[in-house]
Amino acid sequence: MPGRTVTPWLLVTPALLFLTLVFLYPVVKLLLNSFSVGDTFGLGNYTSFFGDRFNLEVLWRTLRVALVVTLVSAVVCYPAAYGIQSVPPRYRGLVTALIIVPLMTSPVARTYAWLVLLGQTGIVNTALLRSGLVQEPVRILYTEWAVYIGMAQLFIPLMLLTLISAMENLPRDVVPAARSLGATSLQSFTRVILPLTREGLVVGGTLVFTGCITAYVTPALLGGARVQLLATLLYQKAGVTVDYAAASVISVVMLALTLTVAGVLRGRGGRT
Amino acid sequence: MNSSRVPIIILYLTLVFLVGPFLVVFIAAFGGEPTLKFPPTSFSTQWFTKVFEVESFRSSFLTSLGLGLMSTSLALALGIPVAYALSRFRLPGAVVIQTVLTSPALVPGLVVGLALLQYFINLGGSVYPSLLAAHTALLLPYVVRVVSTSLINLKPDIEEAAISLGASRLTAFRLVVLPNIRGGVAAAAVLAFITSFDQVAVSLFLTGPGVSTLPISMLTFMEYNYDPTIAALSTLLIIFSIGLVLVFERVLGLSRYV
């Protein structure tokens, strides 16, 4: 019956057509634009972008922030995800809700909280001054530290939820078994928990890393003009100085970074 | 044993780090000083009144609401058939179709916004259709993923039974499949709406004079105003998301879909 073979195509065609016309085509066109100088093919946009020390610094800083935040969230979230087993069952729903609420909240509102906390007259500086640890307000806002803090708060929920669900799949008694056989808690982590939850770690790590590379609000509000990342540089080039050549190069670099990391996910995490 | 308490302590400290800043925003929103100060030294609710008086917030809230509802509906209309086709038929090239459908989730939002800006400028289009297109494309991967999950969990037997009893595939879908996956569809709708409503990166280049979304208006407002109005607005948004999470966690078990 011809109807059986045509039906699925009728179902997927509208979405595919829509995405091709208003998403894939414009994005590919933007990416290809980066390879044209005037009307001819050339790598001029790339040599001039990568020839600028400032741009290289921004690229390096973006990678550093993404890497540090990914590592820190893994180090924090492993024990935290393990700890949920000790939470009384009737409070586990509440704990999960507390992790999800930030995810569902406007990133502008979430980042704004750090402006209140980290500013010159913010709570952190007030506490430092009162305790006598410092004599005058410390500059935290518009430094790389502020970006680390903001990004960590933004993306830790993703790592935490991924690791919690990875640990739910752990057989309940593997850790006590390892301990009773003489493993230290560090050994039972590196030899038992880590290998069994590696897929979750790779998925969570990818979400955090790509999230850091593409996030705009956090570096814009907490880093400002002093601590630019690729996302804020892209906005500046395209929105402020109208340098579309540089903007298209940054677009290619950002996409290449996220696709590389997502590709690593597919290779390493595989079976998810 | 003492060391066995370390993980749970780290969990609680992490929760404080995640949620604590919200409390600070709540408190700052009730400050009486004309510039943001923490802790505030006097009490006032004037900033909540001001939120509703700022014209750019009122108009951009309506834009964000309409945009969220329209892009969510469009993404559901385009995405549910795809999820159904992928879960019920063996399509040659299913991998390619899946890759195309997840691609909006892989491309950085700013890049999407910039690409569509240039594209729609060349077409001579206006801002709003490009915003709607960008948001719909962004939501499609979420909708397909969440609806697919519920379709895979629903055994095809009952719809096959309906079809063998004479129902058309469309009737079987409407009367048998849809009622069984409505939890997944509702969860997809909620996640999609929130994603659109909170979206900054995709919208940044696509808002202009006359058309702005709420998050973009907040960013613009913050550049020139240092009073706690944004704290009051953020408080309202945070309460809104807490309410949403509580309701849908209870009704749908949202955490299964995030």
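Cβ from N, Cα, C; glycine included.
Copied from TrEMBL, the annotated features are:
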| type | residues | note |
| --- | --- | --- |
| TRANSMEM | A:6-28 | transmembrane segment |
| DOMAIN | A:59-265 | domain 'ABC transmembrane type-1' |
| TRANSMEM | A:63-84 | transmembrane segment |
| TRANSMEM | A:112-133 | transmembrane segment |
| TRANSMEM | A:145-164 | transmembrane segment |
| TRANSMEM | A:201-224 | transmembrane segment |
| TRANSMEM | A:244-265 | transmembrane segment |
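Among A:6-28, A:145-164, A:244-265, A:145-164 has the largest number of CB pairs under 8 A with the transmembrane segment (A:201-224). Long-range neighbours of the transmembrane segment (A:6-28) within the same chain, counting only residues 6 or more positions beyond its ends whose Cβ lies under 8 Å from a Cβ of the stretch, are absent. Only residues 6 or more beyond the boundaries of the transmembrane segment (A:63-84), in the same chain, are considered here, and those with a CB under 8 A from a CB of the stretch are 92, 95, 144, 147-148, 151-152, 155-156, 159-160, 163-164, 166-167, 189, 193, 201, 204-205, 208-210, 212-213, 229, 257.
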